[in-house]
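Chemist: Questions regarding the structure given below will be posed in turn.
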Amino acid sequence: INGYLKLQNNLFFLSLPFSNLIPAISTDSVNPDTIFANNEMSLRDIEIYGFDYDYTLAFYSSHLHTLIFNIARDILITKHRYPEGLRKYEYIPNFAVRGLHYDVQKALLMKIDAFHYIQLGTVYRGLQPVSDEEVIAMYEGCHVPLEIMSDFYGKSSHGHTMKQFMDIFSLPEMTLLSCVNDFFMKHNIDYEPVHLYKDVKEAIRDVHVKGIMYRAVEADIDKYICYGEQSQAVLKKLSAHGKKMFLITNSPFDFVDRGMSYIVGKDWRDLFDVVIVHADKPGFFNDRRKPFRRVTDKGALLWDRIHRLEKGQIYKQGNLYEFLRLTGWRGSRVLYFGDHIYSDLADLTLKHGWRTGAIIPELRKEIKIMNTQPYVHMMTWLQSLTGLIEQMQVHRDPASQAVVEEWIREREAMRPQTKDIFNAQFGSLFRTYHNPTYFSRRLSRFADIYMASISCLLNYDFQHTFFPRRTPLQHESPFWPELRLPLLISLTLFCFSGF
Ligand SMILES: [Mg+2]
């Protein structure tokens, strides 16, 4: 109400009709089971469906992140001789979000937008935020030059000091890095951040490569895998409609077999025309040299040359060029789903012309927040202020400028709220305050469609065409905000509903 009265006074003072400047409050909520399109695509054209395994067909509970964190933390202590005091750190489930950048030399975790600008208020050293002034001093502003950004796959190498964490499995890695940094700082221990980054990376890799995580999941599968029935329903539906299916995963056969037997049943391999394990993506999509190798059920490797990829068999490694030659599954009749935008989808989109579907589990939580009344009101108010500032700034007399300055301050003050509502440290996966994140930009480039889970496919038939909304380009849209008629009523409701 205060905001409304202040606004009314200010507008009266400026002698302007405010009804034209306030956008209506939307009452439409977004269904979290929707499949969203970046690019038009019809399921009518898709004959062959490919899948990644981890976080695409097998969705894991948060227990897995705790497990990875604990094992990697203990590896740091036992193998890399880090201080015993680290053992008191536990996994913090909602500390990090996916898609963050880590400055390896400065030991800072941060969110970067689509234009390579650091989002102030989202820079963390250890578990503590770094002040805006310090960030600006360190980076001589907020812009991160291209030459220090990570390489195409998000990796930090050859002078790239910014690593981007794109894997869902990297949430415990980011949290562990932050905890160890926190410990060293609290105890005034002098350390080399580059060594710390490499040691944590190696410890996390050991959790996967040495099979520790695989054995733990296989031993207690109920605890770690969730929503198995939905994945099963999708695969059965595709099979019932005569679609070809294949699996390309970096995980080992035993682990996938145990998980898929739990999700689908012992006969899961009957659903798939080709199964490839230990694929070594993204190398699988680029490196022509690695041949396929057949693996027996017992894990023995055979030495014969592969002339066909046969149903019921299991193959290891190989490469996409060989896969295309042996199957003939080329171009836009193939749709591949994965949760890693770089390793799973980037090369397919850029080089090979398969259609791509990104699985983004975080969508479910973010859409739930976006559908709440406080969020809708906050965004409407923010848009209103932005529109008012944009239009009213032309009144250059001191009194009008004072009002506009007040709106600018209010808009600035609202910015942290739009971040904190998603995650107190880093905000939404998809937006910095107003811009899309670096993650969003890559998502819209590399994925034709995206969705919270593979189960969203159950809501559509195989004739369905996904159309991206024709959002206007900046030069195509009318002056901000659009003029609408029922605004006065909306504003009144909005102002008296407790915002
Ligand atoms: Mg995956």
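Each residue, glycine too, has its Cβ placed from N, Cα and C.
Unlike curated records, TrEMBL annotations are generated automatically.
Sharing the features that TrEMBL gives for it:
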- Asp52: active site, nucleophile (ACT_SITE)
- Asp52, Asp339: Mg(2+) binding site (BINDING)
- Asp54: active site, proton donor (ACT_SITE)
- Asp54: GMP binding site (BINDING)
Chemist: Mind giving me a neighbour count for Asp52 (active site, nucleophile)? Other Cβ atoms within 10 Å of its Cβ, every protein chain shown.
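Modeler: The Cβ of Asp52 (active site, nucleophile) has 25 Cβ neighbours within 10 Å.
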Chemist: Run through the Cβ atoms and count how many others sit within 10 Å of the one on Asp339 (Mg(2+) binding site).
Modeler: 25
Chemist: For Asp339 (Mg(2+) binding site), which DSSP three-state class applies?
Modeler: coil
Chemist: What same-chain residues, at least 6 away in sequence, bring their CB to under 8 Å of the CB of the residue listed as 'active site, proton donor'?
Modeler: Tyr60, Ile168, Phe169, Thr249, Asn250, Ser251, Asp339
